[in-house]
Structure formats: structure tokens, C-alpha cells
């Protein structure tokens, strides 16, 4: 099929594509906010209590091993049809890079810097907020970047349970054996993932001190 036909089909469906892209971004954004809100505190908790780090990382790794469709199928009886199970699933998959990078970033700080802070009379809380987190931020942002791209990919599954997003065009196209419709959903999803990856690449560079770029 000529490329022009795919382009014309996408132009004809542009209104639908824009709406579904908006839904896709919204679902991904909510899932990432939830993952950050859970993952960063967990990473901090692991630095405070190293004995639980292997358990938390093991749990996050175990979630990654669950097939996404099976996980989604497990969540539907609990949360019902719609966006909630999709957000829970995407957030769960996005946790590992955020938790792992937060922990790695915080534990990788030069001990001499921490000791200097203690010598200045800083409390553990002050050390965390004024020294550890700012210095670990580039590593944390790298984890968030990976998680965001993962979220955009996994959100395509949301269409299977009526949550919308670009996956709606992809799965409808598969069921109708319509390659133009599949491409109309797949191409914007790929562009979105690449664009978000590039945005977070620049954010990651922005929070990285010039001396270590």
C-alpha cells in the first residue's frame, strides 16, 4: 500500500488522533506522577534502612516479570473497566527504574561530602534535602526518563479495557485487519515516546552540574 494512502488516512482521522493522543498523555502523566510519588520515597527509605533494599528491589523486579496483559487481567476484577487499572499497571511497571535510580543516586554520593555536612552540624533530614537529593537528582532523572518512555508504551494497552489512548486505533485496526488504522495509532505513539524521551533528556542535562556532564 502506498505511503500516501497511510498519510491521507491519518489526515482524515486527525481529530480522533489528537483526542486519543491527549488521552494517552493524560494516562501516562498520571501513572508517572503516581510512580514518582511512590518510587522516590521508597528509594530514600532504602538508604535509611539498607536491610529492606533487597526486598523492595526484588518486589519491583518481580512486577517486571509479570506479563502485562496478565497483570491487566488481574487488576480488572479489582478496579473494574476503565482508566484506574491501566494507571495502576503502568505505575507498577514504572516503579523499578525510579526506585533503583533513586537508591543508586543516593548511595553513590561521596562519603566525604556527607561527612562534611555532618561536620557542619546538619541533621539527617537536612543532609537528605540539601545534599543527598540535589546531588542524586541527575541519576534520579535518568530513572524517571526511562520510566516515562515505558509508561507511554504500556499505556497503549489501556484501550483493551476502555481507557482510551492511541492503543484504541491500534487494536481496532488489528480486529478489522486495517493496516492504515494500525499505523494511525502506532506512528503517533512512537513519535510521542521519542518526543518525551528527548524532553526528559534535556531535563536530565539541566539538573546535571556542568562539571560532571
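In case you wondered, yes, glycine gets a Cβ from its N, Cα and C as well.
Curation does not apply to TrEMBL; its annotations are automatic.
Note that the structure is predicted; figures quoted are calculated from it, not measured.
From the options 25-45, 46-66, the stretch TrEMBL describes as transmembrane segment is 25-45. Cross-referencing 78-96, 97-115 with TrEMBL places the feature transmembrane segment at 78-96.
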